[in-house]
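According to TrEMBL, the feature transmembrane segment maps to 12-35, 55-76, 88-107, 207-230. Residues annotated as disulfide bond in TrEMBL: CYS146-CYS177.
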Amino acid sequence: MAVEGGMKFVKYVLFFFNFISLLCGLALIVVGIVVQVSVHKSFQIVDASASAGPILLIVVGLLTFFVAFFGCCGAWKENHCMVATFSFFLSLVVIAEIAAVVLGYVYRDKVKTMIEKNLSEMITNYKSGSQELKETVDKFQTTLKCCGDQNSTDWKNYGDDGKTVPDSCCIEVKLGCGNGTMTNSTIVYQQGCRDIMVKMLKKDAQWLIIAAIIVAVLQLLGIVFACLLMRGIRGGYEVM
(Lines of atoms letter the chains of each structure in order from A; the text may use other names.)
(Lines give C-alpha, C1' and ligand atoms only; values in the text may rest on other atoms or scores of the structure.)
Protein backbone atom coordinates (compact mmCIF):
# COMPACT_ATOMS: atom_id res chain seq x y z
CA MET A 1 0.00 0.00 0.00
CA ALA A 2 1.45 3.35 -1.09
CA VAL A 3 2.01 6.00 1.55
CA GLU A 4 -0.30 8.99 1.43
CA GLY A 5 -0.83 12.43 2.90
CA GLY A 6 1.91 13.74 5.17
CA MET A 7 3.96 10.59 4.71
CA LYS A 8 3.95 11.11 0.97
CA PHE A 9 5.52 14.51 1.62
CA VAL A 10 8.18 12.80 3.76
CA LYS A 11 8.86 10.39 0.88
CA TYR A 12 9.57 13.20 -1.59
CA VAL A 13 11.61 15.17 0.92
CA LEU A 14 13.74 12.07 1.55
CA PHE A 15 14.14 11.49 -2.18
CA PHE A 16 15.22 15.11 -2.74
CA PHE A 17 17.58 14.91 0.24
CA ASN A 18 19.23 11.82 -1.20
CA PHE A 19 19.61 13.41 -4.61
CA ILE A 20 21.44 16.36 -3.02
CA SER A 21 23.51 13.93 -0.92
CA LEU A 22 24.45 12.07 -4.09
CA LEU A 23 25.86 15.30 -5.53
CA CYS A 24 27.62 16.03 -2.21
CA GLY A 25 29.20 12.58 -2.36
CA LEU A 26 30.61 13.32 -5.80
CA ALA A 27 31.91 16.67 -4.51
CA LEU A 28 33.65 15.00 -1.55
CA ILE A 29 35.33 12.51 -3.89
CA VAL A 30 36.59 15.31 -6.13
CA VAL A 31 37.80 17.42 -3.17
CA GLY A 32 39.56 14.41 -1.64
CA ILE A 33 41.36 13.61 -4.89
CA VAL A 34 42.37 17.26 -5.40
CA VAL A 35 43.73 17.53 -1.84
CA GLN A 36 45.59 14.22 -2.19
CA VAL A 37 47.22 15.29 -5.47
CA SER A 38 47.98 18.77 -4.12
CA VAL A 39 49.66 17.49 -0.95
CA HIS A 40 51.71 14.76 -2.58
CA LYS A 41 52.49 16.22 -5.98
CA SER A 42 52.57 19.98 -5.53
CA PHE A 43 54.45 19.85 -2.21
CA GLN A 44 56.04 16.39 -2.64
CA ILE A 45 55.08 15.38 0.89
CA VAL A 46 55.44 11.64 1.39
CA ASP A 47 54.52 11.29 5.08
CA ALA A 48 51.87 8.56 5.34
CA SER A 49 49.83 10.54 7.88
CA ALA A 50 49.30 13.25 5.26
CA SER A 51 47.21 10.78 3.26
CA ALA A 52 44.85 9.94 6.12
CA GLY A 53 42.59 12.99 5.77
CA PRO A 54 42.23 13.03 1.95
CA ILE A 55 41.77 9.24 1.72
CA LEU A 56 39.14 9.28 4.47
CA LEU A 57 37.40 12.13 2.60
CA ILE A 58 37.35 10.05 -0.60
CA VAL A 59 36.00 7.02 1.29
CA VAL A 60 33.27 9.14 2.91
CA GLY A 61 32.43 10.56 -0.53
CA LEU A 62 32.09 7.08 -2.03
CA LEU A 63 29.95 5.90 0.89
CA THR A 64 27.76 9.01 0.66
CA PHE A 65 27.28 8.52 -3.09
CA PHE A 66 26.26 4.86 -2.90
CA VAL A 67 24.17 5.29 0.26
CA ALA A 68 22.34 8.25 -1.31
CA PHE A 69 21.69 6.25 -4.48
CA PHE A 70 20.32 3.41 -2.35
CA GLY A 71 18.18 5.89 -0.41
CA CYS A 72 16.74 7.39 -3.60
CA CYS A 73 15.67 3.94 -4.80
CA GLY A 74 14.25 2.99 -1.41
CA ALA A 75 12.25 6.20 -1.03
CA TRP A 76 10.90 6.10 -4.58
CA LYS A 77 9.90 2.42 -4.39
CA GLU A 78 8.70 2.77 -0.78
CA ASN A 79 10.74 -0.30 0.15
CA HIS A 80 11.03 -0.70 3.92
CA CYS A 81 14.15 -2.90 3.75
CA MET A 82 16.00 -0.50 1.43
CA VAL A 83 15.10 2.55 3.54
CA ALA A 84 16.19 0.73 6.72
CA THR A 85 19.49 -0.24 5.09
CA PHE A 86 19.93 3.34 3.89
CA SER A 87 19.36 4.66 7.42
CA PHE A 88 21.93 2.24 8.86
CA PHE A 89 24.67 3.05 6.35
CA LEU A 90 23.96 6.78 6.56
CA SER A 91 24.64 6.51 10.29
CA LEU A 92 28.02 4.94 9.46
CA VAL A 93 28.76 7.83 7.08
CA VAL A 94 28.02 10.35 9.84
CA ILE A 95 30.38 8.47 12.17
CA ALA A 96 33.07 8.50 9.44
CA GLU A 97 32.63 12.25 8.99
CA ILE A 98 33.03 12.81 12.71
CA ALA A 99 36.18 10.66 12.58
CA ALA A 100 37.52 12.80 9.71
CA VAL A 101 36.98 15.99 11.73
CA VAL A 102 38.64 14.46 14.82
CA LEU A 103 41.54 13.20 12.69
CA GLY A 104 42.04 16.66 11.22
CA TYR A 105 42.10 18.17 14.71
CA VAL A 106 44.52 15.54 16.07
CA TYR A 107 46.96 15.98 13.18
CA ARG A 108 46.77 19.79 13.00
CA ASP A 109 50.23 20.19 14.59
CA LYS A 110 51.57 17.23 12.61
CA VAL A 111 50.77 19.05 9.37
CA LYS A 112 52.73 22.12 10.51
CA THR A 113 55.74 19.99 11.45
CA MET A 114 55.46 18.13 8.16
CA ILE A 115 55.47 21.37 6.17
CA GLU A 116 58.50 22.69 8.07
CA LYS A 117 60.44 19.47 7.50
CA ASN A 118 59.63 19.14 3.81
CA LEU A 119 60.20 22.82 3.00
CA SER A 120 63.62 22.71 4.61
CA GLU A 121 64.55 19.54 2.69
CA MET A 122 63.25 20.90 -0.61
CA ILE A 123 65.30 24.09 -0.30
CA THR A 124 68.41 22.13 0.71
CA ASN A 125 68.04 19.76 -2.26
CA TYR A 126 66.95 22.39 -4.78
CA LYS A 127 70.25 22.65 -6.68
CA SER A 128 70.98 18.92 -6.78
CA GLY A 129 67.37 17.74 -6.95
CA SER A 130 65.20 16.67 -9.87
CA GLN A 131 63.60 19.02 -12.36
CA GLU A 132 60.22 18.16 -10.82
CA LEU A 133 61.45 19.31 -7.40
CA LYS A 134 62.69 22.62 -8.83
CA GLU A 135 59.42 23.19 -10.67
CA THR A 136 57.47 22.45 -7.47
CA VAL A 137 59.48 24.95 -5.40
CA ASP A 138 59.31 27.58 -8.14
CA LYS A 139 55.57 27.06 -8.46
CA PHE A 140 54.66 27.56 -4.79
CA GLN A 141 57.08 30.49 -4.35
CA THR A 142 55.54 32.24 -7.35
CA THR A 143 51.96 31.35 -6.43
CA LEU A 144 52.22 32.15 -2.71
CA LYS A 145 54.48 35.17 -3.28
CA CYS A 146 57.10 34.00 -0.81
CA CYS A 147 60.78 33.06 -0.71
CA GLY A 148 62.47 30.27 1.22
CA ASP A 149 61.25 28.53 4.34
CA GLN A 150 61.18 31.30 6.98
CA ASN A 151 62.58 34.11 4.81
CA SER A 152 64.72 34.78 1.73
CA THR A 153 68.01 34.21 3.61
CA ASP A 154 67.26 30.47 3.66
CA TRP A 155 68.77 30.50 0.14
CA LYS A 156 72.19 31.66 1.39
CA ASN A 157 73.80 28.44 0.15
CA TYR A 158 72.13 28.59 -3.25
CA GLY A 159 74.65 30.88 -4.96
CA ASP A 160 78.41 31.23 -4.56
CA ASP A 161 78.06 34.82 -3.36
CA GLY A 162 75.57 33.91 -0.61
CA LYS A 163 73.19 36.61 -1.86
CA THR A 164 71.48 34.88 -4.77
CA VAL A 165 68.00 33.32 -4.77
CA PRO A 166 66.02 31.42 -7.43
CA ASP A 167 64.27 33.68 -9.93
CA SER A 168 60.93 32.41 -8.62
CA CYS A 169 61.54 34.53 -5.49
CA CYS A 170 61.33 37.71 -7.54
CA ILE A 171 58.28 39.96 -7.42
CA GLU A 172 58.54 40.22 -11.20
CA VAL A 173 60.07 36.99 -12.43
CA LYS A 174 62.77 37.59 -15.04
CA LEU A 175 65.82 35.58 -16.03
CA GLY A 176 68.62 36.38 -13.56
CA CYS A 177 66.48 38.64 -11.36
CA GLY A 178 67.53 36.69 -8.25
CA ASN A 179 71.28 37.21 -8.74
CA GLY A 180 72.67 39.08 -5.71
CA THR A 181 69.24 40.41 -4.71
CA MET A 182 68.46 38.23 -1.67
CA THR A 183 67.73 41.08 0.76
CA ASN A 184 66.42 43.60 -1.78
CA SER A 185 62.74 43.90 -0.81
CA THR A 186 61.90 45.83 -3.99
CA ILE A 187 62.94 42.88 -6.15
CA VAL A 188 62.63 39.74 -3.99
CA TYR A 189 59.88 38.57 -1.63
CA GLN A 190 61.26 38.57 1.92
CA GLN A 191 58.56 36.54 3.65
CA GLY A 192 59.08 32.79 3.89
CA CYS A 193 56.59 30.22 2.60
CA ARG A 194 56.13 28.25 5.84
CA ASP A 195 53.74 30.62 7.64
CA ILE A 196 51.75 31.26 4.47
CA MET A 197 51.29 27.53 3.85
CA VAL A 198 50.31 26.82 7.46
CA LYS A 199 47.75 29.67 7.47
CA MET A 200 46.37 28.51 4.13
CA LEU A 201 45.96 24.91 5.31
CA LYS A 202 44.41 26.02 8.63
CA LYS A 203 41.89 28.17 6.77
CA ASP A 204 41.02 25.32 4.41
CA ALA A 205 40.71 22.95 7.38
CA GLN A 206 38.31 25.32 9.14
CA TRP A 207 36.05 25.47 6.10
CA LEU A 208 36.19 21.67 5.73
CA ILE A 209 35.19 21.23 9.39
CA ILE A 210 32.29 23.68 9.01
CA ALA A 211 31.16 21.90 5.84
CA ALA A 212 31.42 18.49 7.53
CA ILE A 213 29.31 19.67 10.48
CA ILE A 214 26.61 21.11 8.19
CA VAL A 215 26.52 17.93 6.09
CA ALA A 216 26.38 15.75 9.23
CA VAL A 217 23.41 17.74 10.59
CA LEU A 218 21.58 17.39 7.27
CA GLN A 219 22.33 13.67 7.24
CA LEU A 220 20.95 13.30 10.77
CA LEU A 221 17.75 14.93 9.49
CA GLY A 222 17.82 12.43 6.64
CA ILE A 223 17.96 9.59 9.17
CA VAL A 224 14.95 11.06 10.99
CA PHE A 225 12.95 11.31 7.74
CA ALA A 226 13.98 7.75 6.85
CA CYS A 227 12.67 6.48 10.20
CA LEU A 228 9.38 8.34 9.65
CA LEU A 229 9.04 6.85 6.18
CA MET A 230 9.78 3.34 7.49
CA ARG A 231 7.03 3.80 10.05
CA GLY A 232 4.62 4.91 7.34
CA ILE A 233 5.55 2.05 5.00
CA ARG A 234 5.24 -0.55 7.75
CA GLY A 235 1.92 0.83 9.00
CA GLY A 236 0.55 1.45 5.50
CA TYR A 237 -1.52 4.36 6.72
CA GLU A 238 -1.61 8.13 6.35
CA VAL A 239 0.44 10.16 8.84
CA MET A 240 -0.70 13.76 9.18
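Every residue, even glycine, has its Cβ placed from backbone N, Cα and C.
All annotation found in TrEMBL is predicted automatically rather than curated by experts.
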Task: disulfide-bonded residues compared (CYS146, CYS177) - the one with the fewest other Cβ atoms within 10 Å - done: CYS177
TODO: Could you give the residue numbers and ranges of same-chain residues that sit at least 6 residues beyond the transmembrane segment (207-230) on either side and whose C-beta is under 8 angstroms from one of its C-beta atoms?
DONE: 3, 7, 10-11, 13-14, 17-18, 21, 24, 71, 75, 78, 80, 83-84, 86-87, 90-91, 93-94, 97-98, 100-101, 104-105, 239
